[in-house]
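For reference, the structure discussed in these notes is given below.
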Ligand SMILES: Nc1ncnc2c1ncn2[C@@H]1O[C@H](C[S@+](CC[C@H]([NH3+])C(=O)[O-])CC(=O)[O-])[C@@H](O)[C@H]1O
Ligand SMILES: O=C(O)C(=O)Cc1ccccc1
(Lines of atoms letter the chains of each structure in order from A and count residues from 1; the text may use other names and numbers.)
(Lines give C-alpha, C1' and ligand atoms only; values in the text may rest on other atoms or scores of the structure.)
(Ligands and ions follow the chains in the order given, each with its own letter.)
Protein backbone atom coordinates (compact mmCIF):
# COMPACT_ATOMS: atom_id res chain seq x y z
CA UNK A 1 0.00 0.00 0.00
CA UNK A 2 2.54 2.54 -1.14
CA UNK A 3 1.63 6.18 -0.62
CA UNK A 4 3.12 8.28 -3.36
CA UNK A 5 3.44 12.06 -3.69
CA UNK A 6 0.91 13.64 -6.04
CA UNK A 7 2.67 14.58 -9.29
CA UNK A 8 -0.33 13.80 -11.54
CA UNK A 9 -0.41 17.26 -13.10
CA UNK A 10 3.32 18.12 -12.82
CA UNK A 11 4.17 17.70 -16.51
CA UNK A 12 2.49 19.76 -19.25
CA UNK A 13 -0.44 17.87 -20.82
CA UNK A 14 -1.51 18.63 -24.37
CA UNK A 15 -5.13 18.29 -23.33
CA UNK A 16 -6.10 17.99 -19.70
CA UNK A 17 -8.63 15.16 -19.40
CA UNK A 18 -11.59 15.36 -17.00
CA UNK A 19 -10.68 14.21 -13.49
CA UNK A 20 -11.59 10.57 -12.71
CA UNK A 21 -11.05 8.51 -9.57
CA UNK A 22 -8.88 5.86 -11.26
CA UNK A 23 -5.83 3.83 -10.14
CA UNK A 24 -3.44 6.73 -10.77
CA UNK A 25 -5.46 8.95 -8.44
CA UNK A 26 -5.79 6.16 -5.84
CA UNK A 27 -1.99 5.84 -5.63
CA UNK A 28 -1.55 9.51 -4.66
CA UNK A 29 -4.94 10.27 -3.09
CA UNK A 30 -3.93 10.63 0.61
CA UNK A 31 -1.20 13.11 -0.39
CA UNK A 32 -3.43 14.90 -2.92
CA UNK A 33 -6.36 15.50 -0.60
CA UNK A 34 -4.21 16.65 2.33
CA UNK A 35 -2.31 19.15 0.13
CA UNK A 36 -5.48 20.36 -1.68
CA UNK A 37 -8.19 20.62 0.97
CA UNK A 38 -7.45 23.03 3.82
CA UNK A 39 -8.68 21.60 7.10
CA UNK A 40 -9.10 18.05 5.77
CA UNK A 41 -7.30 16.24 8.64
CA UNK A 42 -9.24 18.30 11.22
CA UNK A 43 -12.55 17.58 9.51
CA UNK A 44 -11.92 13.84 9.26
CA UNK A 45 -10.83 13.47 12.90
CA UNK A 46 -13.72 15.57 14.24
CA UNK A 47 -16.26 13.84 12.04
CA UNK A 48 -15.68 10.78 14.22
CA UNK A 49 -16.10 12.82 17.40
CA UNK A 50 -19.33 14.40 16.08
CA UNK A 51 -20.65 11.06 14.88
CA UNK A 52 -20.18 9.57 18.35
CA UNK A 53 -22.80 12.03 19.63
CA UNK A 54 -25.41 11.09 17.02
CA UNK A 55 -24.73 7.36 16.64
CA UNK A 56 -27.41 5.15 18.14
CA UNK A 57 -27.10 1.49 19.15
CA UNK A 58 -27.87 -1.11 16.48
CA UNK A 59 -27.99 1.29 13.54
CA UNK A 60 -26.07 1.85 10.33
CA UNK A 61 -23.49 4.63 9.89
CA UNK A 62 -22.88 5.56 6.26
CA UNK A 63 -19.71 6.95 4.68
CA UNK A 64 -20.88 8.01 1.19
CA UNK A 65 -18.10 8.53 -1.34
CA UNK A 66 -15.70 6.88 1.08
CA UNK A 67 -12.63 6.94 -1.22
CA UNK A 68 -9.91 5.22 0.83
CA UNK A 69 -12.07 5.12 3.96
CA UNK A 70 -10.49 7.94 5.99
CA UNK A 71 -13.91 8.88 7.45
CA UNK A 72 -14.82 5.22 8.03
CA UNK A 73 -11.58 4.79 9.99
CA UNK A 74 -12.41 7.88 12.07
CA UNK A 75 -15.94 6.56 12.76
CA UNK A 76 -14.43 3.25 13.88
CA UNK A 77 -11.93 5.03 16.18
CA UNK A 78 -14.54 7.20 17.88
CA UNK A 79 -18.00 5.57 17.87
CA UNK A 80 -18.53 3.27 20.84
CA UNK A 81 -22.30 2.55 20.54
CA UNK A 82 -23.24 -1.13 20.70
CA UNK A 83 -24.26 -2.89 17.54
CA UNK A 84 -23.41 -0.10 15.07
CA UNK A 85 -21.92 -0.96 11.73
CA UNK A 86 -20.33 1.22 9.10
CA UNK A 87 -21.36 1.04 5.46
CA UNK A 88 -18.73 2.67 3.23
CA UNK A 89 -19.83 3.28 -0.36
CA UNK A 90 -17.89 4.37 -3.43
CA UNK A 91 -18.46 3.82 -7.15
CA UNK A 92 -14.76 3.77 -8.06
CA UNK A 93 -13.55 0.16 -8.25
CA UNK A 94 -9.94 1.32 -7.74
CA UNK A 95 -10.89 3.26 -4.57
CA UNK A 96 -12.97 0.38 -3.18
CA UNK A 97 -10.20 -2.18 -3.66
CA UNK A 98 -7.63 -0.04 -1.83
CA UNK A 99 -10.18 1.02 0.82
CA UNK A 100 -10.76 -2.63 1.73
CA UNK A 101 -6.98 -3.14 2.13
CA UNK A 102 -6.68 -0.12 4.45
CA UNK A 103 -9.62 -1.28 6.59
CA UNK A 104 -8.17 -4.78 6.87
CA UNK A 105 -4.94 -3.14 8.07
CA UNK A 106 -6.94 -1.12 10.65
CA UNK A 107 -8.60 -4.37 11.81
CA UNK A 108 -5.22 -5.98 12.37
CA UNK A 109 -4.02 -3.03 14.50
CA UNK A 110 -7.03 -2.46 16.77
CA UNK A 111 -9.46 -4.70 18.62
CA UNK A 112 -13.24 -4.38 18.88
CA UNK A 113 -13.65 -2.01 15.96
CA UNK A 114 -17.15 -1.58 14.52
CA UNK A 115 -17.83 -4.02 11.69
CA UNK A 116 -17.62 -2.45 8.27
CA UNK A 117 -18.97 -3.29 4.84
CA UNK A 118 -17.45 -1.64 1.75
CA UNK A 119 -19.83 -1.43 -1.20
CA UNK A 120 -18.84 -0.63 -4.77
CA UNK A 121 -22.04 1.18 -5.70
CA UNK A 122 -23.51 4.40 -7.04
CA UNK A 123 -25.02 6.31 -4.10
CA UNK A 124 -27.71 7.57 -6.50
CA UNK A 125 -28.97 4.00 -6.94
CA UNK A 126 -28.42 2.73 -3.39
CA UNK A 127 -31.39 1.87 -1.17
CA UNK A 128 -30.52 3.30 2.28
CA UNK A 129 -31.16 1.35 5.47
CA UNK A 130 -32.33 3.26 8.55
CA UNK A 131 -29.23 5.13 9.74
CA UNK A 132 -28.21 7.34 12.66
CA UNK A 133 -25.21 8.95 10.94
CA UNK A 134 -24.62 9.71 7.27
CA UNK A 135 -21.27 11.29 6.37
CA UNK A 136 -20.70 12.81 2.94
CA UNK A 137 -17.19 14.21 3.06
CA UNK A 138 -16.58 16.12 -0.19
CA UNK A 139 -18.79 13.82 -2.28
CA UNK A 140 -21.98 15.80 -3.04
CA UNK A 141 -19.92 18.24 -5.13
CA UNK A 142 -19.28 15.41 -7.63
CA UNK A 143 -22.99 14.55 -7.99
CA UNK A 144 -24.82 16.17 -10.94
CA UNK A 145 -26.51 19.31 -9.54
CA UNK A 146 -29.99 18.24 -10.73
CA UNK A 147 -29.70 14.97 -8.73
CA UNK A 148 -28.58 16.47 -5.43
CA UNK A 149 -32.01 17.28 -3.95
CA UNK A 150 -33.41 13.81 -4.61
CA UNK A 151 -30.33 12.17 -3.06
CA UNK A 152 -30.54 14.37 0.05
CA UNK A 153 -34.27 13.64 0.32
CA UNK A 154 -33.60 9.89 0.34
CA UNK A 155 -30.87 10.37 2.96
CA UNK A 156 -33.26 12.44 5.09
CA UNK A 157 -35.88 9.68 4.87
CA UNK A 158 -33.34 7.06 6.01
CA UNK A 159 -32.17 9.13 9.00
CA UNK A 160 -33.52 8.11 12.40
CA UNK A 161 -34.70 10.72 14.94
CA UNK A 162 -31.67 12.00 16.84
CA UNK A 163 -29.34 11.19 13.95
CA UNK A 164 -27.46 13.56 11.64
CA UNK A 165 -26.07 14.09 8.17
CA UNK A 166 -22.56 15.54 8.21
CA UNK A 167 -21.87 17.22 4.88
CA UNK A 168 -18.49 18.66 3.89
CA UNK A 169 -18.08 20.60 0.65
CA UNK A 170 -15.96 23.08 -1.22
CA UNK A 171 -17.99 26.31 -1.30
CA UNK A 172 -18.36 29.09 -3.80
CA UNK A 173 -19.58 32.58 -2.89
CA UNK A 174 -22.17 34.89 -4.42
CA UNK A 175 -20.16 37.95 -3.42
CA UNK A 176 -17.49 38.47 -6.10
CA UNK A 177 -14.89 39.88 -3.74
CA UNK A 178 -15.36 37.09 -1.19
CA UNK A 179 -15.16 34.48 -3.99
CA UNK A 180 -11.96 35.99 -5.42
CA UNK A 181 -10.26 36.32 -2.03
CA UNK A 182 -11.01 32.78 -0.84
CA UNK A 183 -10.13 31.27 -4.23
CA UNK A 184 -6.77 33.10 -4.16
CA UNK A 185 -6.12 32.02 -0.58
CA UNK A 186 -6.85 28.43 -1.63
CA UNK A 187 -4.26 28.75 -4.42
CA UNK A 188 -1.81 30.14 -1.83
CA UNK A 189 -2.54 27.06 0.33
CA UNK A 190 -1.70 24.78 -2.61
CA UNK A 191 1.51 26.71 -3.38
CA UNK A 192 2.54 26.51 0.27
CA UNK A 193 2.05 22.74 -0.01
CA UNK A 194 4.49 22.52 -2.91
CA UNK A 195 2.21 22.56 -5.96
CA UNK A 196 3.55 24.48 -8.97
CA UNK A 197 1.56 27.02 -11.01
CA UNK A 198 1.30 24.40 -13.77
CA UNK A 199 -0.01 21.71 -11.40
CA UNK A 200 -2.55 24.14 -9.96
CA UNK A 201 -3.75 25.27 -13.42
CA UNK A 202 -3.99 21.76 -14.90
CA UNK A 203 -5.79 20.38 -11.83
CA UNK A 204 -8.24 23.29 -12.05
CA UNK A 205 -9.17 22.44 -15.64
CA UNK A 206 -9.37 18.71 -14.82
CA UNK A 207 -11.98 19.27 -12.10
CA UNK A 208 -13.97 22.18 -13.54
CA UNK A 209 -16.45 19.96 -15.43
CA UNK A 210 -16.78 17.25 -12.78
CA UNK A 211 -16.85 19.13 -9.48
CA UNK A 212 -19.45 21.86 -9.04
CA UNK A 213 -19.46 23.67 -5.69
CA UNK A 214 -22.54 25.47 -4.36
CA UNK A 215 -22.84 28.46 -2.04
CA UNK A 216 -23.53 27.89 1.67
CA UNK A 217 -26.97 29.46 1.11
CA UNK A 218 -27.78 26.98 -1.70
CA UNK A 219 -26.78 24.08 0.57
CA UNK A 220 -28.93 25.38 3.43
CA UNK A 221 -31.96 25.89 1.17
CA UNK A 222 -31.66 22.50 -0.48
CA UNK A 223 -31.18 20.70 2.85
CA UNK A 224 -34.37 22.35 4.11
CA UNK A 225 -36.18 21.39 0.91
CA UNK A 226 -35.00 17.80 1.49
CA UNK A 227 -36.74 17.87 4.90
CA UNK A 228 -33.89 18.70 7.28
CA UNK A 229 -35.08 20.92 10.14
CA UNK A 230 -31.78 22.54 11.11
CA UNK A 231 -28.43 23.18 9.40
CA UNK A 232 -25.44 23.97 11.61
CA UNK A 233 -22.08 24.87 10.05
CA UNK A 234 -19.41 23.53 12.43
CA UNK A 235 -16.21 24.11 10.43
CA UNK A 236 -14.86 26.35 7.70
CA UNK A 237 -11.29 26.75 6.47
CA UNK A 238 -11.04 29.12 3.47
CA UNK A 239 -13.54 27.85 0.88
CA UNK A 240 -14.06 24.42 2.47
CA UNK A 241 -16.79 23.86 5.02
CA UNK A 242 -18.63 21.17 6.92
CA UNK A 243 -22.26 21.24 8.06
CA UNK A 244 -24.37 19.23 10.47
CA UNK A 245 -27.91 18.74 9.11
CA UNK A 246 -30.52 17.51 11.60
CA UNK A 247 -33.67 15.59 10.63
N1 LIG B 1 -22.30 8.57 -7.54
C2 LIG B 1 -21.34 8.19 -6.72
N3 LIG B 1 -21.49 7.09 -5.94
C4 LIG B 1 -20.51 6.68 -5.10
N5 LIG B 1 -19.34 7.34 -4.95
C6 LIG B 1 -19.14 8.43 -5.70
C7 LIG B 1 -20.11 8.92 -6.60
N8 LIG B 1 -19.62 10.03 -7.22
C9 LIG B 1 -18.38 10.23 -6.71
N10 LIG B 1 -18.08 9.27 -5.80
C11 LIG B 1 -16.83 9.13 -5.02
O12 LIG B 1 -16.75 10.22 -4.14
C13 LIG B 1 -15.39 10.37 -3.76
C14 LIG B 1 -15.08 11.84 -3.63
S15 LIG B 1 -13.59 12.19 -2.72
C16 LIG B 1 -14.20 11.83 -1.08
C17 LIG B 1 -13.15 11.90 0.00
C18 LIG B 1 -13.43 10.98 1.17
N19 LIG B 1 -14.83 11.05 1.63
C20 LIG B 1 -12.49 11.31 2.31
O21 LIG B 1 -12.94 11.96 3.29
O22 LIG B 1 -11.32 10.93 2.22
C23 LIG B 1 -13.53 13.92 -2.67
C24 LIG B 1 -12.45 14.55 -3.43
O25 LIG B 1 -11.63 13.84 -4.03
O26 LIG B 1 -12.40 15.83 -3.43
C27 LIG B 1 -14.54 9.62 -4.80
O28 LIG B 1 -13.88 8.52 -4.23
C29 LIG B 1 -15.57 9.19 -5.85
O30 LIG B 1 -15.26 7.94 -6.45
O1 LIG C 1 -7.87 20.40 -5.74
C2 LIG C 1 -8.81 21.14 -5.62
O3 LIG C 1 -8.80 22.28 -6.07
C4 LIG C 1 -10.01 20.79 -4.88
O5 LIG C 1 -10.84 21.60 -4.85
C6 LIG C 1 -10.23 19.53 -4.11
C7 LIG C 1 -10.01 18.20 -4.72
C8 LIG C 1 -9.23 17.30 -3.99
C9 LIG C 1 -9.02 16.02 -4.47
C10 LIG C 1 -9.60 15.65 -5.68
C11 LIG C 1 -10.39 16.53 -6.40
C12 LIG C 1 -10.61 17.81 -5.90
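Note: Cβ is positioned from N, Cα and C throughout, glycine not excepted.
Over in TrEMBL, the protein carries these features:
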| type | residues | note |
| --- | --- | --- |
| BINDING | 40, 65, 66, 67, 90, 91, 122, 123, 137, 204 | S-adenosyl-L-methionine binding site |
| DOMAIN | 63-163 | domain 'Methyltransferase' |
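Location within the structure of each feature annotated in TrEMBL.
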residue	record	DSSP (3 states)
40	S-adenosyl-L-methionine binding site	helix
66	S-adenosyl-L-methionine binding site	coil
90	S-adenosyl-L-methionine binding site	strand
122	S-adenosyl-L-methionine binding site	coil
137	S-adenosyl-L-methionine binding site	strand
Near the Cβ of residue 66 (S-adenosyl-L-methionine binding site), how many other Cβ atoms are there if near means within 10 Å?
29
Max CA-CA distance, Å, over listed S-adenosyl-L-methionine-binding residues 40, 65, 66, 67, 90, 91, 122, 123, 137, 204:
25
Far apart in sequence but close in space: which same-chain residues, 6 or more away, have a Cβ under 8 Å from residue 137 (S-adenosyl-L-methionine binding site)?
43, 44, 47, 63, 65, 70, 71, 166, 168, 242
Other Cβ atoms within 10 Å is the metric here; tell me which of the binding-site residues 90, 122 scores highest.
90
Report, as a single number, how many Cβ atoms besides its own are within 10 Å of the Cβ of residue 40 (S-adenosyl-L-methionine binding site).
19
Near ligand 1, meaning Cβ under 6 Å from any of its atoms: which of the binding-site residues 40, 122, 137 fit that description?
122, 137
